[in-house]
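Colleague: Sharing a structure, written as structure tokens. Questions coming.
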Amino acid sequence: MDSHTGSETMIVQRIANGTVIDHIPSGKALAVLKLLGDPHVKGFRVALVMNVSSKKMGKKDIVKVEGVELSDEQVQRLALVAPQATLNFVRSYQVVAKRNVSPPSVVVGLLKCVNPTCITVKQREPVYSTFLLSSQAPLTYVCRYCGRELGEYEISSQVQ
Ligand code: CTP
Ligand code: ZN
């Protein structure tokens, strides 16, 4: 059990229903929150847990959202911001399913090529960008049209 879940060290209570996004690399909780949309606009309750100890990761962040199931698009964006994250679906206080996210092998239309002479950027009628996964760790995608690489930092900042 991760140390924040132990009764003595727990800093945020368990949720009744919703999604716990666990094993977020430390420092990325705010980026994950952004891709869920503004809780004040959408009206859901959310708890951010940052910088807690994890056996697997050293330090990690956690985002708990009540009453929300992530859309497929949000899961895809999560996989690009925090590929190590795990999704825990909670019903009546129990974790009823766990899911790893994994960066898709092809990402269409979501990422932008940073090569100013790339056809996907230059065209007046923009061609949908297509990126192919070239490395899981560190996460790297390659533009299908010009071969330019996007690294972890570029990917996270574009997805938010
Ligand atoms: N959790 C929660 N509310 C619940 C149930 C679980 O907020 N009603 C949170 C836990 O605090 C934990 C995560 O959901 O951060 C996963 O819960 P659980 O599977 O019980 O923990 P672990 O066994 O530590 O998970 P893992 O093996 O994936 O690290
Ligand atoms: Zn390109």
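Glycine too: its Cβ is placed from the backbone N, Cα and C atoms.
As annotated in TrEMBL:
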- Cys113, Cys118, Cys143, Cys146: Zn(2+) binding site (BINDING)
- 11-101: domain 'Aspartate carbamoyltransferase regulatory subunit N-terminal' (DOMAIN)
- 107-155: domain 'Aspartate carbamoyltransferase regulatory subunit C-terminal' (DOMAIN)
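Could you give the neighbours, burial and distances for every feature on this list?
Modeller: Secondary structure at Cys143 (Zn(2+) binding site), taken from DSSP and collapsed to helix, strand or coil, is strand.
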Colleague: As a quick check of your reading of DSSP, tell me how many residues in the domain 'Aspartate carbamoyltransferase regulatory subunit C-terminal' (107-155) are helical, how many are strand and how many are coil.
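Modeller: Helix, strand, coil within the domain 'Aspartate carbamoyltransferase regulatory subunit C-terminal' (107-155): 8 helix, 14 strand, 27 coil.
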Colleague: List the other residues in this chain whose Cβ sits within 8 Å of the Cβ centroid of the Zn(2+) site residues Cys113, Cys118, Cys143, Cys146, in sequence order.
Modeller: Val114, Asn115, Ile119, Thr120, Val121, Ser129, Arg144, Tyr145, Gly147, Arg148
Colleague: Among the binding-site residues listed here (Cys143, Cys146), identify the one with the smallest other-Cβ count within 10 Å.
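Modeller: Ranked by other Cβ atoms within 10 Å, the binding-site residues Cys143, Cys146 bottom out at Cys146.
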Colleague: If you count Cβ atoms within 10 Å of the Cβ of Cys113 (Zn(2+) binding site), leaving out that atom itself, what do you get?
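Modeller: 24, counting other Cβ atoms within 10 Å of Cys113 (Zn(2+) binding site).
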Colleague: Please give the average pLDDT for the domain 'Aspartate carbamoyltransferase regulatory subunit N-terminal' (11-101) in this predicted model.
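Modeller: Overall, the domain 'Aspartate carbamoyltransferase regulatory subunit N-terminal' (11-101) comes to a mean pLDDT of 94.
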Colleague: Determine the Cβ neighbour count for Cys118 (Zn(2+) binding site): the number of other Cβ atoms within 10 Å of its Cβ.
Modeller: 18
